């Protein structure tokens, strides 16, 4: 009898973390690799946030807290939702967890039974399907390629709904594409969902504050307040405040759902880190001045990367509304032969080729459910980003 559970048969390690691991190994071996795989901002956590954390340590705020987050942080989250999204939540409709990933894991563990279906637009963030599977749910994939601007149409949504559908996932702006749903698109989705009262919606808003040009962010509960009881909104401090390592995410939904998720959390991690919670309060309540400047910085990087990669004849690029990724269509390169005689047949082959030939680490599109693409993160310095994109261009021209 194997010591490993059969549960592991339905899931796999995070492909993006695997790329990061391989990149670090090559760098350690002295290879000049430029890493465009990691999904985290390249700027440091702001000093005002770090100072509050230091003070909380010195003040001895280092013990257990409420499982679902301290009231002061939940109040800051409540205020944030009202101030920025015009949504009213009570404290018992909010949970704080060890990162947004745990919020989503708790959500599915608390709500899914065997056979319950979760509609996941493709491409998707790598962890969605596996967390659904771990929770005994069934992922239902809906292809939303570049021809659909990487967004779910109401026709595709309606076609995917069955009597087993329990959740629809909306991630806007999206990882891996940066595509964002505008107000009208969300209104159309809400109009469709009103016909299906048993379908709940998880809105993953983690990239809310990283948007470009004239794109205006909306979240579904803001657009459709009549659906609020069926909407669970996920957010956190990781991306907007560059606090990926602090591990604070939060969610808001019905009291019954939050209570169930708190029970799940009480038997896994208990409370989020006490020090990180204090830092998150400062992130939400303190100055927000750097958020806009950081978004403008990412926009410049997006434009730089696009200006170079759009020159590659094999590529088709989508201009993202937010986040810090490009999801580039590259299937025209499939079937070509490298100098060593290897055939590039899929996105894994192409990513391996870029790593070997260009010394640039990217993530193959198949990791996000859609072969024929690759993802780059432009959350790096302008100099390194330009060099990486030029290397990719030259490697493609060499084929």
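Every residue, even glycine, has its Cβ placed from backbone N, Cα and C.
What Swiss-Prot lists as L-aspartate binding site is 39, 125, 175, 375, and the listing cites similarity to another entry. According to Swiss-Prot, the N6-(pyridoxal phosphate)lysine annotation covers 239. Taken from Swiss-Prot, the feature site 'Important for prephenate aminotransferase activity' covers 12.
Here the CA atom of the residue listed as 'N6-(pyridoxal phosphate)lysine' lies 24 Å from the CA atom of residue 12 (site 'Important for prephenate aminotransferase activity'). The most crowded of the recorded positions listed here (12, 239) is 239, judged by how many other CB atoms sit within 10 Å of its own CB.
Close to residue 239 (N6-(pyridoxal phosphate)lysine), meaning Cα to Cα within 10 A, are the following binding-site residues out of 39, 125, 175, 375: 39. Taking Cβ-Cβ distances under 8 Å and a sequence gap of 6 or more within the same chain, the neighbours of residue 39 (L-aspartate binding site) are 16, 175, 324, 325, 377, 379. Each residue in 16, 126, 174, 176, 323, 325, 363, 368, 377 lies on the same chain as 39, 125, 175, 375 and has a C-beta within 8 Å of the C-beta centroid of that L-aspartate site, without being one of the site residues. Take the binding-site residues 125, 375: by the count of other Cβ atoms within 10 Å of each Cβ, the lowest one is 125. DSSP assigns residue 12 (site 'Important for prephenate aminotransferase activity') to coil in the three-state reduction, placing it in neither a helix nor a strand.
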